[in-house]
Structures are given as C-alpha cells and as structure tokens.
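K.L.:
Look at Swiss-Prot and you will find H119, D122 tagged as site 'Transition state stabilizer'. Annotation comment: Swiss-Prot describes N135, N311, N347, N403 as N-linked glycosylation site. Look at Swiss-Prot and you will find C353-C358, C365-C387, C476-C479 tagged as disulfide bond. Sequence annotations record features per position, and here Swiss-Prot assigns GPI-anchor amidated serine to S552 based on similarity to another entry.
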Amino acid sequence: MPRVPSASATGSSALLSLLCAFSLGRAAPFQLTILHTNDVHARVEETNQDSGKCFTQSFAGVARRWTKIEELRARDKNVLLLDAGDQYQGTIWFNYYKGAEAAHFIEAVGYNAMALGNHEFDNGAEGLLDPFLLNVSFPVLSANLEQGEDQVPSLIGYYKPSTVLDVNGEKIGVVGYTSKETPTLSSPGPHLIFKDEIQAVQHEVDILVSQGIDKIIALGHSGFETDKLIAQKVRGVDVVVGGHSNTFLYTGKAPSNDVPVGPYPFLVNSDDQRTIPVVQAYAYGKYLGYLKLTFDKGEVIKREGNPILLNSSIIQDPVLLAEVNKWKESLANFGKEVIGRTVVYLNGTTEECRNRECNMGNLICDAMIQQNIRNPDEKFWNHVSICIFQGGGIRAPINEQNNGTIQVDSLLAVLPFGSTIDLLEVYGSTLRAAFDHSVRRYGQNTGEFLQVSGIQVQFNLKRPPGSRVVKIDVLCADCRVPHYQPLLDNKIYKIVTNSYIAEGGDGFTMLKNERLRYDTGSTDISVVSSYIKQMKVVYPAVEGRILFVENSATLPIINLKIGLSLFAFLTWFLHCS
C-alpha cells in the first residue's frame, strides 16, 4: 500500500509551503550606497590640507576622487554618485575655463545627478547654460528655481525639479533644491526666481510618491540648517544630501584637522515620526561622502558610513591625471594677461602689511566690498560694508614703475593661496575679539594683523594683549548715506573676509566658532582682478583706517598733529587780522 502521510506531516508541509510563498512574495531589503560631494569649487587639481595650492601635502583632486569612486563601485552593488552644488568658482581653473572644466571632469567621473548651487549663477544664466548645462548628460536639479517669461537665455529643458534613477531595477527619486538667497549671493539676474525650498521640495516629493516612488533623496544646496528643516518638515523624504555650509560631519575620531560639528549621518526626527539621515561632505573635494542605506518596504531601516578622506594614500588615477595636466597647460599663458595699471607703489611687503595699514590691504579690501555691491533697497545701500583681511595673506608688492602694468601673475604673487572671499554674519563682540587677536603679538611680524575696509580702529599697544582695542567704528550698511558708527557688541554684522581666517586660520577661531552664517564666495584673484579691470587705473592711499594711540584718553597721533596745525594757523590768522 502506498504510504499515507500523517496529519502532523501534512500540516508541516503546508506550513512550509506557506512560508516559502510568503518569502517569495516579500521583497528583500535593498541596500543603496550614496557617494556624494558638495562645494568642490573648481578644485580640479590636488590641494594642500587647507584646500589651497598644493606645495607639499596632497589632498583631493578629481583624479584621486575617481580612484576611490571606481573602487567603491566595484565593491558595492548599488551605487549612486551625487553632487550637491557649487562646482563653480574657487580657483584659477574657473577664472580661465568659466565652468567648462567642471562640466568636463564631472562628466568624466560619471555623476548620476547634481543640484544647482548658488555659485553656478556667478556668470549669469548664460554662464551656466554654456559651458556647463549644454555639456553634461546627467540630470541637473532644482525644484525651487522658476524662470520668468523674460529670461534670456532660457534654461527650460536644461534643468529639472527632480529625476527618477534606476538602480538595478529599483526606482530612486531625487529632488533638487537651491538656496533661495541666491539672488543676494550670486548673479542670476532678475528673471530667475528662487522660491521657498521646503514648499517646493514637498510639492515635488508628492508628485513622486503619487507615481509609486518610495525611496526619495533630497539633494540640495541651502546649508545644513535648511537640510535639517527639510528632513523634519518634508513628508516622504528618506535622506537629505546637502551642501552650501561646508559642514563636516563624522562619527568617531576625525582623520584630518577638520573638526566635525556632529555625527555622520546626522539624524533628524521628522514630523511624520521617522528618523531621517542628513549628510554633507565638508568641501573642496577633500572628502568623498559615503552613506550606506538599507531600505525595507520603502523605509530606511539602517544607515551607516563616514566621509572618506582623499589624501596621498589614495593614488591619483593616471589616465584622468594626464587629462588634468593637459587642461592645465592652457593656464600657463593666463598669468600674462594685463588687467590694469597702478600709478602708485602697491606696498604689499611683510613689514608694512603685518604692522600697520598698507595700501595693498586697502586695495584688496575695497575690491572685496565692491564685489559684494548688489541689490540695494530702500534700507540698505549694500548688504555688507565691512572687510577684514589678515596681513599674512598679502605676500608681495607691485611696483608702479615699468608703466605700472598689473598682470594676473603679479596678483598671483600677492595672493598665492587660492582663498575665496566669503561672507559671514557675526556679532559685534566677535568682530571686536578678532581685532584684539590681530594685535596680541604685535611687533613679531606674525600674519594676523588685520587690514580693513569700512572700519576705523584704534589700538593702544601699551595695554596687555586681549585688551588693546580702544575704539572701533564701522561703516553703516542700513543707511542711505554711509557714515561711521560705533561698533555694538550685541548687533549682528555682515563682513567679508577670506576663507583662510573664516575657517579659523592664524588663530581667528572666533570667526569659525561664533559665526552665525557663512557663505563661500569667489576667488581672491578673481575679485581683485575684476576690481582693477573696472577701475583701469588704481592709486590706493593710506587713509587712517588703522591708528595707534597712547591711551584711551589720547587723541590719535595723526589727528593731534592736524589739530595743532589748525590751532597754529588760526592763531596766526587772528593775529594778522
């Protein structure tokens, strides 16, 4: 007789069949690796540790990044490579190629999507369309950018609010966003409109969700605080990949001199009761962001990773490095371009600029203010009127002889470090502390002595370090007729400075640690050369912006001499009459 299975065996088989059917019907968890960069700022070549010109240390560079990207693509199964904006602006590469270098090398590396940053608009819409948008094949995104009817050239069709990427059969939605303050920070023109990021991203996410997309990345360029708000407020976003604020996040001991502001990823509790990871990867291509997510039923159930430091332990890809060097050849003749003329000696010597007001410092700071004059309104003649620049960042004079010709390479000798001119918001107390710091080692030819524009400062060097500031007056910005007013410790001021001291260089840690806001700008070379081109002939003077007094009750020496001369003249005049 055939064997009849027992009831218990029959039940076990049925249960096993049911479990198998359930297992086959249930999708397995999906792992996604997100590699990301932000605020690369034209760092095509390798840099030093502080993202300036590479002399001894070796970090970053597109050829080094490519090596690590290829390694991770070979190791991990599902990989996306994303950029959160500001490929433009930051080195002589952008000054010369105007964005063509960004298009070429970001295309060569094979990015999957990019958000528009504010600096992508530094040369207007035409400077974004060509050479960049017309020469890349991946989607360029911004959900909160709208074009007015009168916009010429039209950008319609060259960027999108969002895209859907296919990663081994899984649909991943990516929504872009750009700082709504771009009209103040860059030059997009009057017909490009930057709307509220949160509302625009939510609208686009809702569209993707209605299409059945359940894995959505917000990719944008509005700064860490806005990134966190998007994670909190926007329903349906699973991860936020940001930029603009150059935020360094890291879990564990940091691998370099950069101090993390929080763990990587930074976790935000959303209003719809989820935990959303937020990431940035510092700036300048120094790190490659690495975030590994595990999705189950459209929800992130695991997140791990850390930015990868791209230092000399990672070999530069030889093929891409050869391409970099080929493009670099064209930069050599760029230094011979004549940009203007000086009829006075531009004193950029160490002795002068590290110990007293120097006219080279005045020229540089005046150029920095001029570069930021845009969009005045009924209250502000300019959004910033104060500049500080450390004397140690000025490395050479320019002679007025030989017809006073100023070439690009002349300026490169003055400003060799490739810094950017950045916008900060600080309290008056922070600015006062910076000036006290600037003279704490006065007389030792150290680099922290500050050159200025829009400031009149008095020091008493007989006081102990840390209390040598006697008086600071600042040029008002919220006024119709600019005039000097006493610095108020509890008032918030906008200032322009270079990226080196903005990041705490030369001991200016208060500018890094106490700033309320930070926006990266154009290169120092491009700012000063544009100013000289506009002026054609320059003749900066020493104007009494920085004075030394004997004590707080003593008039500045220069003003005392003027007063005595005026008194002698009046005495003579009255006597003769």
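Easy rule for this one: first residue shown is 1, then count along the chain.
Placement of Cβ uses the backbone N, Cα and C atoms for every residue, glycine included.
For each feature listed, report its degree of burial, its nearest neighbours and the pertinent distances within the displayed model.
P.N.:
The Cβ of H119 (site 'Transition state stabilizer') has H41, G85, D86, Y88, Q89, G90, L185, S186, T520, S522 as same-chain neighbours under 8 Å, each 6 or more residues away in sequence.
If you take the C-beta of D122 (site 'Transition state stabilizer') and look for same-chain residues 6 or more apart in sequence within under 8 angstroms, you find Y88, Q89, S186, S187, S522. The DSSP secondary structure for D122 (site 'Transition state stabilizer') is coil.
Using a 10 Å Cβ-Cβ cutoff, N135 (N-linked glycosylation site) registers 15 neighbours.
Note: N311 (N-linked glycosylation site) has non-local neighbours S58, F59, P255, S256, i.e. same-chain residues 6+ apart with C-beta under 8 A of its own C-beta.
DSSP assigns N347 (N-linked glycosylation site) to coil in the three-state reduction, outside any helix or strand. The local packing around N347 (N-linked glycosylation site), expressed as other Cβ atoms within 10 Å of its Cβ over all shown chains, amounts to 21.
Annotation for C353 (disulfide bond): same-chain Cβ neighbours under 8 Å, separated by at least 6 residues, are N347, M360, G361, G391, I394, F449, Q451.
According to DSSP, C365 (disulfide bond) is assigned to a helical segment. For C365 (disulfide bond), the same-chain residues 6+ apart in sequence whose C-beta sits under 8 angstroms from its C-beta are C387, I388, F389, Q451, V452, S453, G454.
Secondary structure at N403 (N-linked glycosylation site), as computed by DSSP, is helix.
C479 (disulfide bond) falls within neither a helix nor a strand when secondary structure is assigned with DSSP, and so counts as coil.
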K.L.:
Can you figure out which of N135, C358, N403 (the recorded positions) comes closest in space to C479 (disulfide bond), comparing Cα atoms?
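P.N.:
Among N135, C358, N403, C358.
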K.L.:
For C358 (disulfide bond), which residues in the same chain are close in space, meaning a Cβ under 8 Å from its Cβ, but six or more apart along the sequence?
P.N.:
N347, G348, T349, E352, G391, I394, Q451, V542
K.L.:
May I ask for the distance between N403 (N-linked glycosylation site) and C476 (disulfide bond), taken between their Cα atoms and rounded to an integer number of Å?
P.N.:
37
K.L.:
Tell me whether C358 (disulfide bond) sits in a helix, a strand or coil according to DSSP.
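P.N.:
Coil, per DSSP.
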K.L.:
So of C387, C476, which of the disulfide-bonded residues has the fewest other Cβ atoms within 10 Å around its own Cβ?
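P.N.:
Counting other Cβ atoms within 10 Å of each of the disulfide-bonded residues C387, C476, the minimum falls on C476.
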K.L.:
Which three-state DSSP class does C387 (disulfide bond) fall into?
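P.N.:
Strand, per DSSP.
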